[in-house]
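Quick look at what TrEMBL annotates:
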- 1-89: region 'Disordered' (REGION)
- 30-41: compositional bias 'Acidic residues' (COMPBIAS)
- 51-65: compositional bias 'Basic residues' (COMPBIAS)
- 121-336: domain 'Peptidase M24' (DOMAIN)
- HIS189, HIS297: substrate binding site (BINDING)
- ASP209, ASP220, GLU417: divalent metal cation 1 binding site (BINDING)
- ASP220, HIS289, GLU322, GLU417: divalent metal cation 2 binding site (BINDING)
Amino acid sequence: MAAQAAPAEELSKLSVETKPAPAAANGNDSDAESGDEEAEEGAAAPAAGAAKKKKKRKPKKKKKAPTSQSEPPRVLVSQLFPNKQYPKGEEVEYVNDNLNRVTNEEKRHLDNLNQEFLTDYRHAAEVHRQVRQWAQKSIKPGQTLTEIAENIEDSVRALTGHSGLEEGDALIAGMGFPTGLSINHCAAHYTPNAGNKMVLQEDDVMKVDFGVHVNGRIVDSAFTVAFNPRYDPLLEAVKAATNAGIKEAGIDVRVGDIGAAIQEVMESYEVEINGQMLPVKSIRNLNGHTINHYSIHGTKSVPIVKSNDQTKMEEGDVFAIETFGSTGNGYVHEEGEVSHYAKRGDAAKVDLRLSSAKSLLNVITKNFGTLPFCRRYIDRLGQDKYLLGLNNLVSQGIVEAYPPLVDKKGSYTAQYEHTILLRPTVKEVISRGDDF
């Protein structure tokens with residue numbers, strides 16, 4: 001403990017012998033004729049000085065490194081895992097002809113060569129898990145969709161450490177694609193644009209679909225929120241169907257066979273709404289898909305109904321296994337205001353005549369590349385009056401627009417999704433968590 005200075009009253013009671021030392025310590029050449037008062041002053045000053053010297057500053061306590069996530073999530077995931085040993089996803093051994101891959105030394109060697117790839121994917125997956133688990137607890141009726149979307153997106157940016165406000169920052173890590181908040185008969189591709197006042201209601205069924213990327217490695221995972229227990233069978237059907245698709249997936253498996261397994265499970269459920277028993281149908285024109293580097297939709301699709309598609313899954317593929325169930329027609333169409341966009345990687349070079357289109361394309365290229373974005377993301381970069389230019393880029397085939405996808409009005413839809421890696425040795429459900 002630090003020494004405390006002596007009170008002045010106690011110092012005046014000290015008996016002091018007249019010696020030359022105190023005078024020297026005080027910096028004066030006083031002689032023997034100096035009065036008692038001077039002697040006392042000469043003694044008191046060094047005593048006070050000595051006391052001051054004994055004072056020690058309390059050492060500043062070092063801030064302990066965080067060991068758990070905050071609410072709302074704001075702690076960098078890289079701080080929680082300083083050695084970059086991010087949690088693995090669920091590892092599932094291959095079966096049948098691929099069983100030997102687990103022990104094959106060559107395959108193990110190939111797996112070890114992919115450590116940077118796996119580190120980035122597991123980093124992104126851990127961010128997704130922590131954000132979505134908090135979102136599942138925090139989303140409540142009465143919140144606006146804008147509030148929900150921004151809470152999720154702010155959390156992803158905080159946990160990756162990239163706000164996306166500086167040029168190119170969002171390309172390092174952050175949102176893999178905008179937060180989809182599709183309600184009831186709307187199945188996908190809805191996020192609020194600026195000025196949207198829509199409020200989540202007690203009887204709504206909302207799909208929450210968002211992506212996280214680290215160095216272009218995108219984790220795509222989705223869940224459904226419902227507050228009325230009557231929708232539980234719908235959510236259970238879709239979750240079980242997604243897990244059936246994940247179980248079936250593997251190297252050399254035909255995607256058409258996966259679709260058959262998904263449909264069989266999905267359509268074994270029914271849900272009672274307003275006294276009417278309704279079958280749960282797979283939405284037949286929505287699919288899972290491969291995920292490429294900085295590109296959310298690859299070239300392979302995974303149907304969620306029985307199909308004759310003979311395309312095979314291959315070693316090294318990354319798939320989003322997602323299923324959608326509906327109490328409606330089981331078929332969606334485009335309808336409503338567009339919010340989701342992405343620059344096409346295969347777009348031909350076009351001589352743009354509209355200056356606003358040229359300027360906006362530059363902003364998109366430098367901040368999003370081929371990652372999907374929404375109008376709110378352009379707004380937060382300080383851009384305004386850009387809609388004419390954006391529509392021109394869409395019409396020229398440079399940017400792809402993704403309108404909301406809806407089933408018939410009055411129906412309810414649900415979605416669950418995970419990202420899987422077909423590693424040389426095992427299948428890793430990279431986004432799997434305790435929640436689903």
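Glycine is no exception: its Cβ is also placed from the backbone N, Cα and C atoms.
All annotation found in TrEMBL is predicted automatically rather than curated by experts.
Quantities reported herein were computed from a predicted structural model and do not represent experimental measurements.
Highest local Cβ density among the binding-site residues ASP209, ASP220, GLU417 belongs to ASP220, counted as other Cβ atoms within 10 Å over all protein chains shown. With a 10 A radius on its CB, HIS297 (substrate binding site) counts 18 other CB atoms from all the protein chains. Sequence-ordered, the extra residues of this chain that approach the divalent metal cation 1 site, with Cβ no more than 8 Å from the Cβ center of ASP209, ASP220, GLU417, are GLY180, PHE210, GLY211, SER221, ALA222, ALA320, GLU322, GLN415, HIS418, THR419. The average per-residue pLDDT of the prediction over the domain 'Peptidase M24' (121-336) is 98, rounded to a whole number.
Checking Cα-Cα distances from HIS289 (divalent metal cation 2 binding site) against the binding-site residues (HIS189, ASP209, HIS297, GLU417) with a 10 Å cut-off leaves HIS297, in sequence order.
Cα separation, HIS189 (substrate binding site) to ASP209 (divalent metal cation 1 binding site), rounded: 9 Å. Each residue contributes its Cα atom, and for GLU322 (divalent metal cation 2 binding site) and ASP220 (divalent metal cation 1 binding site) these two points are 9 Å apart.
Looking at GLU417 (divalent metal cation 1 binding site) and HIS297 (substrate binding site), their Cα atoms lie 14 Å from each other.
In the structure shown, the C-beta of HIS189 has more C-beta neighbours within 10 angstroms than that of any other entry among the binding-site residues HIS189, HIS289. Separation of the C-alpha atoms of ASP209 (divalent metal cation 1 binding site) and HIS297 (substrate binding site): 14 Å, rounded to the nearest whole number.
Across the structure, ASP220 (divalent metal cation 1 binding site) and HIS297 (substrate binding site) place their CA atoms 10 angstrom apart.
Close to the recorded divalent metal cation 2 site, the chain also has ASP209, SER221, ALA222, GLY288, ILE291, PHE319, ALA320, ILE321, HIS418, THR419: residues not among ASP220, HIS289, GLU322, GLU417 whose Cβ is within 8 Å of the site's Cβ mean position. Within 10 Å of the C-beta of GLU322 (divalent metal cation 2 binding site) we count 26 further C-beta atoms, all protein chains included.
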